[in-house]
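I have placed the structure first, in the form of structure tokens, so that the comments after it can refer back to it.
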């Protein structure tokens, strides 16, 4: 009995912590959308992260309703859906016509087609606990894919030797978020929530290690160029400079 109470209390603690950190992560793109508002254009920015985030949050919300009593999951993913809808509304409002059409197509594929398919299949093909299992496994797979998405950013950091595209605080926050939701899932015996967050924790740690490895690389490169100002014109012509511009965000 005491062990059950302890597990229940710990689940509440980690669930609340997960809600708070997740809410802050949901708010992380606000500076990006403030820039869009100031420019009156979303050209150059990517909508895919927000479309995938909305799909993931809506799917988890459906899973939480099926499971019942999963108030922690309902709360944060309900808020998350509203925030992502707001982001996408601003993005579409300021998007050029061509970008607007392609974004609407992606929203139709993920958030209407994808979510609708999961809803129909789960309601028609299975019942009771099996329905929860089907949607739970779907959520786990989608979350694993979302956690694996930063692999492209990590490759960019290694290639450019610059952490400009991978802010440390965001990686740190996502790692804390993964830890909180892992322990919440563990204490409520919800392995559809716990297992994907193991991957989230590992990816988060990897990103922070990369940050520590490459955080001074750009400074060192800059100092090297200052120390050798008398290079010949021929040497300068042979120097290749790679410039990578990224306005997207990771959620």
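Placement of Cβ uses the backbone N, Cα and C atoms for every residue, glycine included.
Taken from TrEMBL, the feature transmembrane segment applies to 6-27 (among others). Counting only same-chain residues 6+ beyond the ends of the transmembrane segment (6-27), those with a CB under 8 A from a CB of the stretch are 53, 72, 75-76, 79-80, 83-84, 170, 173-174, 176-177, 180-181, 183-184, 187-188, 251.
Through the fold, the transmembrane segment (47-65) approaches residues 26, 29, 71, 73-74, 77-78, 80-81, 84-85, 87-88, 91, 95, 99, 103, 106-107, 110-111, 114-115, 118-119, 132, 135-136, 138-139, 142-143, 146, 149, 192, 248-251 of its own chain, all at least 6 residues removed from its boundaries and within a Cβ separation under 8 Å. What TrEMBL records for 47-65 (among others) is transmembrane segment.
Here TrEMBL flags 71-94 (among others) as transmembrane segment.
Away from its own ends, the transmembrane segment (106-128) comes close to residues 47-48, 51-52, 54-55, 58-59, 62, 66, 88, 134-135, 138 of its chain (Cβ-Cβ under 8 Å, at least six residues beyond either end). Marked as transmembrane segment by TrEMBL: 106-128 (among others).
What TrEMBL lists as transmembrane segment is 134-153 (among others).
What TrEMBL lists as transmembrane segment is 165-187 (among others).
Residues or ranges marked as transmembrane segment by TrEMBL: 193-214 (among others).
The annotation region 'Disordered' is assigned in TrEMBL to 219-238.
With Cβ pairs under 8 Å as the measure, the transmembrane segment (193-214) is packed most heavily against 165-187, out of 71-94, 134-153, 165-187. Outside the transmembrane segment (165-187) by six or more residues, the chain places 7-8, 10-11, 14-15, 17-18, 21-22, 24-25, 28, 72, 147, 150, 153-154, 156-157, 193-195, 197-198, 200-201, 204-205, 207-208, 210-211, 215, 244, 246, 250 with a CB less than 8 A from a CB of the stretch.
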